[in-house]
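Asker: Pulled the feature table from Swiss-Prot, pasting it below:
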type	residues	note
BINDING	His67, Cys133, His138, Met142	Cu cation binding site
DISULFID	Cys24-Cys47	disulfide bond
DOMAIN	22-149	domain 'Plastocyanin-like'
SIGNAL	1-21	signal peptide
Amino acid sequence: MKSSKIVAILLASLFSGSVLAAGCSVDVEANDAMQYNTKNIDVEKSCKEFTVNLKHTGSLPKNVMGHNLVITKTADFKAVMNDGVAAGEAGNFVKAGDARVVAHTKLVGGGEKDSVKVDVSKLAAGEKYTFFCSFPGHATMMRGTVTVK
């Protein structure tokens, strides 16, 4: 009986489209079809910091199909995305020193990965946050929410 409940919980978490920051870290995959493997990242407020581990599971190079993961307040998402285009590939499509950016990984190509540590005290419970890929044109399909729980 207990094992069937555990299996049910595991299956529900697999199909929820959400990734819980187990152990205060999150593994997110991006692919050549311009998709992340999740639409939501749940962060426990008890974490002092959490790590976002981004892995590009595709094979295309970063100048063609590069991906990153940028976290901003949802209200700042579009402006940060637009300003990132001007930064170009050399700037990881993130404006240098942009205070609206909570955290971001570097731009990675197929088979590459990067990680970034996020100070959870910078995330306010109740505030809406968005994570997205700032490579030009990708954010329409590659974005989700960060929720502090």
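From the backbone N, Cα and C atoms, a Cβ is placed for every residue, glycine too.
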Asker: Return only the integer: C-alpha distance in Å from His67 (Cu cation binding site) to Cys24 (disulfide bond).
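Answerer: About 22 Å separates the two Cα atoms.
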Asker: May I ask which residues of the same chain, at least 6 positions away in sequence, place their Cβ under 8 angstroms from the Cβ of Met142 (Cu cation binding site)?
Answerer: Ala30, Met34, Gln35, Tyr36, His67, Phe132, Cys133
Asker: Enter the number of other CB atoms within 10 angstroms of the CB of Cys47 (disulfide bond).
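Answerer: I get 18 for this one.
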Asker: Rank the binding-site residues His67, His138 by how many other Cβ atoms lie within 10 Å of each Cβ and give me the one with the fewest.
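Answerer: Counting other Cβ atoms within 10 Å of each of the binding-site residues His67, His138, the minimum falls on His138.
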Asker: Neighbourhood of the Cu cation site (His67, Cys133, His138, Met142): other residues with Cβ within 8 Å of the Cβ centroid, in order?
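Answerer: Surrounding the site, in chain order, are Ala30, Met34, Tyr36, Asn68, Leu69, Phe132, Ser134, Phe135, Ala139, Met141, Arg143.
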Asker: Which one of these recorded positions has the most other Cβ atoms within 10 Å of its own Cβ: Cys24, Cys133?
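Answerer: Result for the most crowded candidate: Cys133.
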Asker: Do me a favour and check the Cα-Cα span between Cys24 (disulfide bond) and His138 (Cu cation binding site); whole Å is fine.
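Answerer: Per the Cα atoms, Cys24 (disulfide bond) and His138 (Cu cation binding site) stand 27 Å apart.
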Asker: How long is the line from the C-alpha of Cys47 (disulfide bond) to the C-alpha of His138 (Cu cation binding site), rounded to the nearest angstrom?
Answerer: 30
Asker: What counts of helix, strand and coil residues does DSSP assign across the domain 'Plastocyanin-like' (22-149)?
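Answerer: Going by DSSP assignments, the domain 'Plastocyanin-like' (22-149) contains 27 helix, 46 strand, 55 coil.
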